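Chemist: Please find one structure pasted underneath; my questions will follow.
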Amino acid sequence: MFPVYFFQFLIKIVLCYYENDSYYVDITKPIGYNPNAPKRYNYTVYLYNLKLVEVIEPEEKVSVVMEIGEFWFDPRLAWNPSLYGDIEMLHMRQDKVWSPTINMFRINDIADFRDNDFRMVAVENTGRVYDSISLRVSLNCPLDVRKFPFDSQSCTIQFSMPLFFIQYVEMISNVYIGIMNKTLWEKMGNSEWEFRNLSHRVEVLQYLDGYADMQLATFEIKIQRNPLYYIYMIVFPSFIINALSIVGVFMKDTDKMSKVRMPEWSKFLDQQEKLVSDLFEKYDSSISPVYSKIDITKPIGYNPIAPKRYNYTVFMYNIKLVEVLEPEEKVSVVMEMAEHWYDPRLAWNPSLYDDIEMLHMRQEKVWSPTINMFRINDVADFRDQDFRMVSLDNTGHIYSSLSLRVSVNCPLDVRKFPFDSQTCTIQFSMPLFFIQYVEMFSQIYDGILNKTVWKRMGNSEWDLVNLTNRVEILSYNDGIGDMQLATFEVKIQRNPMYYIYMIVFPSFVINALSIVGVFMKKTDKMSKLNVGLTNIMTMTFILGVMADKIPRTGSIPLLGIYIIINLFIMIVAVGITVLMGSIRKCAIPRLRMKKTKMRQGIERILGDPMETICMIVLGTINAVNFLVVIVFWIRDS
């Protein structure tokens, strides 16, 4: 027995020696350490897409959606492709390989959009492991608002590996060079905030506790506020109201009590406040990696007509618009989807199995690809997480069904509000499957591609007017591979009726009556000024109501222009009233000629002719402004 124990002891010594010195590992062995493995391991956080979601100033919270890749090296997973049918890459469940633990650092909230049950990784024959993560991150960002609304802010997003000391693992941060340009930065912001810069670095957090320091893969974003919304919603109206109030307070021949009864700004503010089994199992010793040797006449195996380039189809057969949150530029839909992919390893000959041509089984029993949502705000999967099912036919085609609620960030063009239409994209990606290996397809069920069905897909405010699909290619030019995006484009159009009878028509009537009130016969100046100021504050209040329905964009919407023109009309009316004495002195001679009986009769009915002319002119402008909006409504109906 002694030689046996001695021999076992020698084997343990040799194995221990090989484990501690990777340079003696032979790469021709099936699986083992790579002789080029670095002595200090490294882990890379790679940012390839980012989208600003919202900035909540009172909470100093900034939310972004990030698409990042994780890269690390595990020499134990290296193999010689020539010994395994020239296979250079595997895709498998993440729980089948060792994965590092990455944490977000100094964040407020996080949502991981990956499928928790079917997380995948890609493994190269060199031992490099890839993973892709889609996240929505809310971080605390101290805001300097001293220059509000002309301020810019800088926020940092940080990743850490607290369990891996700096002497063992090196963290690396990287940004895809394709998004490091100002053209794409325009798409990364939102209506209120513009992207100005994106940088990355690795910081070292020194603890000086005798253990080790912590590395932080840091991404810094700089954003700048678009101030136009605040200029036409707050700065301009408050300036006008203040200017007219000063005039009213110091107006000549006005009693003190009338001056005190000027409309109160605080009351106005009070009104506004109400308003499929992993690849390790499939490539084990029971399955031959040489596809050409598989015969379909065998009970279970590969299909000889299997395509060299696999395909994956995302099939939409129903969609329903849930809500459109304009201030957040967020659109939510409910989607019924089908997944279709091909796995020739699961093909069988029905004649050998009682003519069974289709099976239904748990999804965990077959290999399933990982599909990710791309550039989304949130996603909810309504499938039963414990009993996900797939159907499998004898040719190796697999079908799965998805029921999702998806919230996407959709940049809104509100220049024609409330007669606007918007186009939003919903995108699916397979970041771990490069285009040279898997081809993605997108399809829409023909039965929902008609206007009759679209009427049921919208909601009370928005109508669905078009639905298209395509596959886009996101070119990275990094030597590894490009990404395919199965894209569904939804076009929706707003129903403006609510705004017509709640804002457009009432503001027209209020303005028309206010014009008459300002130029009313035998009314003192202070009363006329009160009518004008009350109207101006009413229009500003309507602007406030409208502001809750539109994003804080850098363009003024059509309805906003309509209200602003109404404001100008009333400002001119009040100005004419205040300066009427001076206007009369400068009036043309015809208006100062001797009064005739006809003129005296007109004045008894309408009052001063100069004021009557001003009233007619401003009333006409008010009517034209209203008719222009109505024409837009009729034309877009």
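Each residue, glycine too, has its Cβ placed from N, Cα and C.
Take a look at what TrEMBL says about it:
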- 47-227: domain 'Neurotransmitter-gated ion-channel ligand-binding' (DOMAIN)
- 272-496: domain 'Neurotransmitter-gated ion-channel ligand-binding' (DOMAIN)
- 1-16: signal peptide (SIGNAL)
- 159-179: transmembrane segment (TRANSMEM)
- 229-251: transmembrane segment (TRANSMEM)
- 498-519: transmembrane segment (TRANSMEM)
- 531-547: transmembrane segment (TRANSMEM)
- 559-583: transmembrane segment (TRANSMEM)
- 613-634: transmembrane segment (TRANSMEM)
Chemist: Applying the under-8 angstroms CB criterion, which one of 229-251, 498-519, 559-583, 613-634 scores highest with the transmembrane segment (531-547)?
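Modeler: Ranking 229-251, 498-519, 559-583, 613-634 by Cβ pairs under 8 Å to the transmembrane segment (531-547) puts 559-583 first.
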Chemist: Counting only residues 6 or more past its boundaries, what in the same chain has a CB within less than 8 Å of a CB in the transmembrane segment (559-583)?
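Modeler: Cβ under 8 Å, 6 or more out: 232, 236-237, 240, 244, 247, 251, 417-418, 499, 503-504, 507-508, 511, 514-515, 518-519, 525, 528-529, 532-533, 535-536, 539-540, 542-543, 546, 550, 608, 610-611, 614, 618, 621-622, 625-626, 628-629.
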Chemist: Give residue numbers and ranges for long-range contacts of the transmembrane segment (229-251): same chain, 6 or more residues beyond its ends, CB-CB under 8 A.
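Modeler: Same-chain residues near the transmembrane segment (229-251) but 6 or more away: 149, 192, 259, 262, 265, 525-526, 529-530, 532-533, 536-537, 539-540, 543-544, 547, 552-554, 556, 560, 564, 567, 571, 574, 578.
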Chemist: Over the domain 'Neurotransmitter-gated ion-channel ligand-binding' (272-496), what does the predicted model average in pLDDT?
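Modeler: PLDDT averaged over the stretch: 79.
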